[in-house]
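What Swiss-Prot annotates here:
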type	residues	note
DOMAIN	134-572	domain 'Urease'
BINDING	H139, H141, K222, D365	Ni(2+) 1 binding site
BINDING	K222, H251, H277	Ni(2+) 2 binding site
MOD_RES	K222	N6-carboxylysine
BINDING	H224	substrate binding site
ACT_SITE	H325	active site, proton donor
Amino acid sequence: MTLEIPRRQYVSNYGPTVGDRVRLADTELIIEVEEDFTTYGEEIKFGGGKTIRDGMGQSPTATRANGALDLVITNALILDWWGIVKADVGIRDGYIVGIGKAGNPNIQAGVTPGMVVGPSTEVIAGENLILTAGGIDAHVHFICPQLCEFAIASGVTTLLGGGTGPATGSNATTCTPGAWNLGKMLQAAEGFPVNLGFFGKGNAAFPAALREQVEAGACGLKIHEDWGSTPAVIDSCLQVADEYDIQTLIHTDTLNESAFVEDTIAAINGRTIHTFHTEGAGGGHAPDIIRIASEPNVLPSSTNPTRPFTRNTIEEHLDMLMVCHHLSKNVPEDIAFAESRIRPQTIAAEDILHDMGVFSIISSDSQAMGRVGEVIIRTWQTAHKMKVQRGPLPQDSSRNDNFRAKRYVAKYTICPAIAQGLSHVIGSVEVGKLADLCLWKPAFFGVKPEIVLKGGLIAYAQMGDPNASIPTPQPVYPRPMFGSFGRALTETSLLFVSQAALDLGIPEKLGIQRRAVAVKNCREIGKADLKLNTATPHIEVNPETYEVRADGELLTCEPAEVLPMAQRYFLF
């Protein structure tokens, strides 16, 4: 015997199912459920009078030793690069072990193998919540330790970059130079509930100092113009990267002193490289570094200060740039340097290139013109602006923006994971990946995650007054949870290093407690591997007007006057 209930009642109880649509925050972006992996009539739900009770949705015979889940997230709406689906998510030992239908196979039909709910299983109610992978920020200036708190509170669970604190070099460049500095930053990483990896300084025309840093634990090498991004440096750094299977990251020569963009492309010589702020406002060959996004071996990213193009973007950038790159308003050449980087034409084109899937990654450039807590917000603001200005993508329809949503979520999850050699352990909601996950109320999607899981344990969450009688009284704001403390922190977060550093026992020598994981497959990849962000049109820049064309089409758009996901959500 079956009972039919109204769709509205079903959604209220169990969350949206196939055909239901959900608005993302206060944007114009609508996603639609493509598939439901749960079984109608056999849904599991926790609570008084609900189904996750002994002998019902919870198996009385399932022990942890014989495979019961440690944690199940019930009836969540997963938004990931591979799909928009409704499912239960099963977690054991901090890793995702199942995406499907969880429950008690003794009495329920369709329980996915390995997704048995037992007495050992904790429950997070995912009904009417959106589940995404934790964000990855691959361009972090480690200027202050507090940025880790702001990142995880925003839904970012992995930070890659360089720095040693507010040193002048770190304020400008994402490099942790030398074995001693790397060792100290690897040790400092023990205290933060996020995955961390550090870039060595890649500016050396001879390889010895570069090898030294990789073997000391660097997970990548960063070339920055403030240290000299010459063709000799580029070639040397890429040779070492190929030798050790790590990524090279580059901020090219804005002043075109040692090379023009054509010379940099020639020095790269078809080898894989991750180009930072590829539009150029953050730095790089003026005015045409954006051309490099045409190259199939280039993994192009943006930083969030130019995401998206608004009426405030140009004015804000000049002062930020002067501070970040140790420039003086009293030196005319410094002012000219700054002004050469800020071009409304290329920033406008950057919006469209993201929407086309030409630019593949969005990161922060934290405290060095970018904001570490706004990677996710700025990504979805860009998607919204492009929906409003360009309409549905060819792959979408008037009903939903599913393809656009999947393309944009990939920009801060799977694409940086692939680019940096992390995708074997993080970057998506897939079986076998570390359970770094974010749960969002749709009205707060991309702005304030309800719960952030690190390695399967709640590390941050919206929480009310700790002295209240229930968890919900004001003030409600993101607070560190038990996954952010003690040995639980080191057991649920990773440290990314080179395979050479692992082989040399560097984590053990430094007394590192958290698990160190080697980056891999950084060199045999190209833009074609960056999910849903693979386009390589021919890009041209007019040297007089700075107009940008892709395959002959002029790329231009108006700056936004207002944006969603902004003042409506924040008091300050």
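Please read every residue number as a count from 1 along the shown chain.
Every residue, even glycine, has its Cβ placed from backbone N, Cα and C.
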Near H277 (Ni(2+) 2 binding site), which residues of its own chain have a C-beta under 8 A away, given they sit six or more steps off in sequence? H139, H251, G283, G284, S301, S302, T303, T306, D365
Given a separation of at least six residues and a C-beta threshold under 8 Å, show me what packs close to K222 (Ni(2+) 1 binding site) in the same chain. G162, T173, T174, C175, F199, G200, K201, G202, T248, L249, I250, H251
In all the protein chains shown, the tally of other Cβ atoms within 10 Å of the Cβ of D365 (Ni(2+) 1 binding site) is 29
Fill in the CA-CA distance, H141 (Ni(2+) 1 binding site) to H224 (substrate binding site), as an integer in Å. 12
Let me know how many other Cβ atoms fall within 10 Å of the Cβ of H224 (substrate binding site). 24
Around the Ni(2+) 2 site (K222, H251, H277), what further same-chain residues have their C-beta within 8 angstroms of the site's C-beta centre? H139, T173, T174, I223, H224, E225, L249, I250, T252, T275, F276, G282, G283, G284
Count of other CB atoms lying within 10 Å of the CB belonging to H139 (Ni(2+) 1 binding site): 32
What average pLDDT does the predicted model assign to the domain 'Urease' (134-572)? 96
Compute the centroid of the Cβ atoms of H139, H141, K222, D365, then list the same-chain residues not in that set whose Cβ lies within 8 Å of it, in sequence order, for the Ni(2+) 1 site. V140, G161, G162, T173, T174, H251, F276, T303, S363, S364, S366, A368, G370
Could you tally the C-beta atoms, other than its own, that fall within 10 angstroms of the C-beta of H141 (Ni(2+) 1 binding site)? 27
